[in-house]
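Worksheet for the structure shown next.
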Amino acid sequence: MNYPLTLDMGSITYNMDDLYKELAFYSNSTEIPLQDSNFCSTVEGPLLTSFKAVFMPVAYSLIFLLGMMGNILVLVILERHRHTRSSTETFLFHLAVADLLLVFILPFAVAEGSVGWVLGTFLCKTVIALHKINFYCSSLLLACIAVDRYLAIVHAVHAYRRRRLLSIHITCTAIWLAGFLFALPELLFAKVGQPHNNDSLPQCTFSQENEAETRAWFTSRFLYHIGGFLLPMLVMGWCYVGVVHRLLQAQRRPQRQKAVRVAILVTSIFFLCWSPYHIVIFLDTLERLKAVNSSCELSGYLSVAITLCEFLGLAHCCLNPMLYTFAGVKFRSDLSRLLTKLGCAGPASLCQLFPNWRKSSLSESENATSLTTF
């Protein structure tokens with residue numbers, strides 16, 4: 001079929017060459033910013049749509065239930081030992097609070113994936129900011145745990161208990177304040193937007209309608225990469241290499257070796273859950289900066305990868321309680337007593353469900369001095 005080379009609308013006739021020139025003018029204009037990703041929004045295809053509409057509600061609901069119950073149990077058990085808990089357990093208490101914040105935003109993520117964002121700008125800003133606060137606080141708390149273990153084991157720093165607890169509480173307060181400050185760009189610039197194609201659902205996104213907002217978005221992205229992930233992971237890696245090296249030399253202190261294992265495992269789980277998301281987000285940042293060859297196909301693949309990797313990262317909020325349950329002897333003992341007191345389960349049924357509980361608890365719980373002891 002041969003298409004006409006002109007468009008006749010009443011008394012106005014547009015030549016196709018003139019139309020192309022007008023489009024080129026508007027695409028180069030600074031008054032009407034256009035993003036290439038708007039023209040690639042349909043590349044995702046039905047796979048991502050099905051994932052958001054079918055798999056995401058089921059999976060996120062499961063994560064919500066497990067994360068809610070698990071982290072509340074962690075908080076209850078740690079709160080019962082408030083006056084005797086160690087510095088690591090204090091950091092883990094705040095980590096559980098941060099994970100609960102992440103759990104609370106999961107229903108909003110499910111709703112947005114199914115029907116779009118229909119809850120207004122205020123909740124849009126709040127949910128995106130809570131997501132960022134959770135991540136920053138989690139990574140900074142894990143870095144503090146690594147530094148605390150490094151100072152206690154490698155340099156044998158043992159401060160006076162009251163002064164030490166005060167410094168830990170001040171550190172945790174500073175971490176929450178830092179998480180809030182790092183999330184300020186989201187609080188200021190997040191808004192509900194309608195994608196270019198009218199068939200798409202409204203989304204809660206970081207607004208990039210002008211140059212100032214775009215610069216704020218890139219600043220937030222690089223702060224997320226460097227301050228929220230890269231630097232804390234470097235600190236954790238440096239500290240735990242030193243800790244492991246010292247523990248290998250002190251083979252006569254098996255209890256100390258067991259006590260630090262939970263911190264390394266928690267950090268490893270955090271890295272495994274969030275590193276794929278950060279790698280994909282970093283590639284997306286490079287693609288938006290035109291540092292790599294951009295195409296609709298690449299944008300589509302990155303969009304799918306971001307959604308899948310974000311799901312893995314969000315699943316992290318329900319994994320820490322499981323880790324404490326299956327690895328911490330004292331934690332298992334306290335959990336067993338709590339569930340028995342609540343009438344949820346008795347010691348016999350728990351031992352049948354987890355055969356290794358009774359054996360490990362009898363042999364090691366008497367020597368356990370910390371909830372995070374293995």
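Using the three backbone atoms N, Cα and C, a Cβ is placed for every residue, glycine included.
Considering the side of the membrane named for each residue in Swiss-Prot, SER86 and VAL154 coincide. According to Swiss-Prot, of the candidate residues ASN28, ASN367, the site noted as N-linked glycosylation site is ASN28. Candidates considered were CYS124, CYS137, CYS273. The record in Swiss-Prot pairs CYS204 in a disulfide bond with CYS124. Looking up ASN198, ASN293 in Swiss-Prot shows the N-linked glycosylation site annotation sitting on ASN198. Helix, strand and coil residue tallies for the topological domain 'Cytoplasmic' (79-90), in that order: 6 helix, 0 strand, 6 coil [DSSP].
The Cβ of CYS124 (disulfide bond) lies under 8 Å from the Cβ of TRP117, ALA190, LYS191, VAL192, CYS204, each on the same chain and at least six residues away in sequence. Recorded stretches compared: 91-111, 170-190, 307-327; the one with the most Cβ pairs under 8 Å to the transmembrane segment (127-147) is 170-190.
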